[in-house]
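Working notes, beginning with the structure itself.
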Amino acid sequence: MATTRRDTLLKIQAEVQNWWEQEHVFDVDAPEDFDAEGGWSSLGVEPRQKPTFFVTFPYIYANGPIHLGHAFSLSKAEFAVAYQRMKRRPCLFPFGFHCTGMPIQASATKLARELETYGCPPQFPDTPQRTGADAGLDAPVDGSVGLKSKVLAKTGGLRFQYRILQAVGVPDTEIPSFTDPFKWLMYWPPIGMQDAKQLGLHVDWRRSFITTEANPYYDAFVRWHFEKLRAQGRIKFGKRYTIYSPLDRQACADHDRASGEGVQPQEYVLIKMQVLEPFPAVLEPLAGRRVYLAAATLRPETMYGQTNCWIAPDGSYGAYEVNADGDVFIVTERAARNLAFQYWSPVYGETRCLLGPFPGAALLGAAVRAPLSSYEHVYVLPMLSITSDKGTGVVTSVPSDSPDDYRALQDLKEKPALRRKYGLRDEWVLPFEPVPIIQVPEMGSLSAQAACERYRVHSQNDRDALAKAKDEVYLRGFYDGVLLVGPHAGQRVHVAKPLIRQLLLDQGDAVVYSEPERPVVSRSGDECVVALCDQWYIDYGEEQWKQLARTCLEAMETYHPETKRSFEAVLEWLREWACSRSFGLGTRLPWDPQYVIESLSDSTIYMAYYTVAHILHRDLNGQVPGAAGPASQLTPAVWNYVFLGQGDAESLPIPSSVARAMRREFLYWYPLNLRVSGKDLINNHLTFFIYNHVAIFPPDKWPLGVRANGHIMINNEKMSKSTGNFLTLAEAVRNFSADAVRFALADAGDGVDDANFQVKTADEAILKLTTLLALATEAQALLKNGQMRSGQPLQFWDRVMEAEVDALVAAAAHAYERLEFRDALKFAFYELQDALGIWRVAVGGDTDLTKLHHEVWRHYIHAQVIALYPICPHTCTWIWRRLLHEKSPAPPMHWLETSPLLGSPERVAIRAAGRYLQALLHRARLVLQKRLAHRSQRAGDAAAPTASTSTDDKEERERDPSDQVGARAVRVRLVVRTTPTAWQTRCVELVQQAYDPTTQSFAADLPKRIASDPVLRRVAKRAMALAMTLRERKDFTVALEFDEKAVLLENLGYLAQQLGVHEVELDVDGPEAEQRGVIMGEPVILVFDA
């Protein structure tokens, strides 16, 4: 495959990046005369209105190379900062590397285990054993999606850590050293920095750093942050239900997980349904013990209506001892494992199985006592829809208020064969009727039965209908239901629910139980549980703190309504967050150093650290001190002064001049203008980011904006190493060049839905950019030699081109401001190129560049490189320096000032006229195609005139009629009308009459007025379309912005040349216009033999 064009872009890329590095273009500092005490306020500027622009992107985890998914998110920050620099704003875009948490530690441990097991170099078996992060990840026997899918997608199906490191390019000789987790910290960040530089990021690399105690400066910053939170009472200690890895013996937060990110503990109430003697045969060895079927429920308020207990007849159960008193719970093994970590086992974390596993069918017919039920005892019956991955595998039945229970019980009542299949006696089933316990408006006291009848549920196998019935019953019952029984009768369900829950707990008839909402797998390959364990936690959700976070969110720009709604939802449910771990990489809790701060908690306000990092240390790792001296001097007083303005610079352990310089940097850049991130981080990091900013900083330093994006696919398929649909950033830049990658990233999409990086777009970008380079090189040579058209008034199409350029640059600016980069690319490149092509053809410049007017060309090429620069900076910088300013040092590239003519009547008219002519050409070509095709089919026949109006246009592929034999032998007549028709005038009158200027709205019956008007009846369809257009524009005229007759007269030759016909003639306001119903702006096109 020829790579000459790609290689040209790579050569330009290297040259431009060398210029940037030599000139330190993106290194930026606060001015020395900026007030280190008063900041922006001393200049009369409110800090939240500051002229500086500060943008960040979540620092990349340093356990491998940067990939295209990272690049997509960071490109949003990159395009934004590149644009803002051109707007003459001082801009800061720093870039760090995250090393905290379990991923690196787990990978290093896994590698060490592999080398110990298989030798060095390792001799792996042909069928590798599961180790570390792959252990326990087998697909479930029920055929559902296995827990390993996400792990395999990330590792490309490679099970051994050694081979994963080989696959990402680590030399074999270096791999053994990766058993030391700190090797990862030294190896990957420099590679990540080099790969990011190759993309041409506008980053101040002096401010880069790594996290963990390996960097003593950042370590000191995190310790200060946590001491501030603790002093405010926001960090607490106690037992909390937490997602927990038994293998790692510690809490497993989102970034510690191979799968299950965002999953939280789900709390149930376990109803203790005591098994009555005589026990079924399978339980006879437990005679004399208290044995309970432990039924998990989310609706304790409905226990008054229990009629039976459900189990899965084919499910696997065990009898587990749960306390020192010898009590026994019958549950699934998975539930018992969770219970053991919640102190429901004689030994914490260890299950004690007394019997089992045994099938649920062995329990059928057992009599149990159901707490609060009106029945003295009920029986264990089969339910086929119970699964082992939710709850305990035991479900209590309330058929009055659960459609699932109602239908399952009715099936057993109505189908004797079903009872015989499971050996059920009639007396276990038939006497038990639903018990009215909750009155629901419009549904009565047996809402489950009412809903099943409404949705025509005839069997427990009608899953879709049952789901609808259940949703309605649960929602209506909770909010509108009124309890009919018990001490809380007369109260609404949502009020009585917690009271009945507590009653059951106080009576010893229930216990609290939690499990993960969905399966969670740790980085070490362990299926996680919910554990009740001692831990330090951040008290997110505390009401006053939450209100501050809401206030911050209200003032923030989130760019998409969905993003704000997501934040609001998270603020509602987010509660205590475990912030400490027993081991892993990170910063140790200052007051309890046996614990390490977890990875989502040490990364919430590090944006502030960026502002001073280059003063603190001169390397990534914090091993080369900066002006502030050794990290040991960074006492809390230093951080308090720098970030909070507390204390006096003269009394600090670091030089006062350095302290003031740090304070100056912070005040100059803060608050953060924009945080860019994937939308998945709203559930944790981004919300923590808000909470911690409002806790640590005053309101004028709270963040100003967050821009969340979806994930990126490649060629409409999910990125995955296991399928090969994966690109590292370095691979992408090598394959396409930085500018082509950036072009495709901008084109990939801007919403919160998943975007799509198309390899085809990157390939086409290579062609498009090199074509632009060739054109600019050739045209600038002609311009330099004075060979372009000059010394005469601008032609019609010159004026159109100037107007189009100014309008498209303004449209691109608006898109850049809104961070809508796909639209920015559309205006800054695609539509500018379209305008260029139309102009060149119109003036003959498509075949001879000397026919281009030199001033218009100069205006275009400057606008082109400036508007495209944020997306393709290498190509644009090279054109700017090498072609446009070759004789002298190139001035900075600044965004074009808005033309004073933009939006003027003259500019509006000339743009409208140009687009009118292009639309007219399209219609005329279609008419000619039909005419010539008709003539070729009926050769020799007398050709009658044919005509077309706008209503005859069809969606078909356009062919140039001038390429067809005979096109020159015809002439075209345009029948034009320059005044409104009677029906148009009447339509405008009716629309104007329907408008109320006080409310700025239209009467609801406007369509009816149009349809019933006698003047409009014969043209009802066209009149309705016009009325809707006028209503949308709130415009009460059909007049064109330009003189249609004058424009056509000036362009008759152009139209004839473009259509390839003998002649184009005009018929203006003649009788034919009236006969054919011509309207302004839509000439009828007639074709005749020449």
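One is the number of the first residue shown, and numbering goes on along the chain from there.
The backbone N, Cα and C atoms fix where each Cβ goes, glycine too.
Within the domain 'Aminoacyl-tRNA synthetase class Ia' (48-110), the DSSP-based counts of helix, strand and coil residues read 30 helix, 12 strand, 21 coil. The annotation domain 'Aminoacyl-tRNA synthetase class Ia' is assigned in TrEMBL to 48-110 (among others).
The annotation domain 'Aminoacyl-tRNA synthetase class Ia' is assigned in TrEMBL to 193-590 (among others).
Per TrEMBL, the feature domain 'Methionyl/Leucyl tRNA synthetase' maps to 675-762. With helix defined as DSSP H, G or I and strand as E or B, the domain 'Methionyl/Leucyl tRNA synthetase' (675-762) counts 42 helix, 20 strand, 26 coil.
The feature domain 'Methionyl/Valyl/Leucyl/Isoleucyl-tRNA synthetase anticodon-binding' is assigned by TrEMBL to 798-888.
Sequence annotations record features per position, and here TrEMBL assigns region 'Disordered' to 937-964.
Among the features that TrEMBL reports, compositional bias 'Low complexity' is placed at 939-950.
What TrEMBL lists as compositional bias 'Basic and acidic residues' is 951-962.
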For this session: Go ahead and report the DSSP secondary structure tallies for the domain 'Methionyl/Valyl/Leucyl/Isoleucyl-tRNA synthetase anticodon-binding' (798-888): helix first, then strand, then coil.
Result: 73 helix, 1 strand, 17 coil
Seminar exercise, completed: Mean per-residue pLDDT in the domain 'Methionyl/Valyl/Leucyl/Isoleucyl-tRNA synthetase anticodon-binding' (798-888) works out to 96
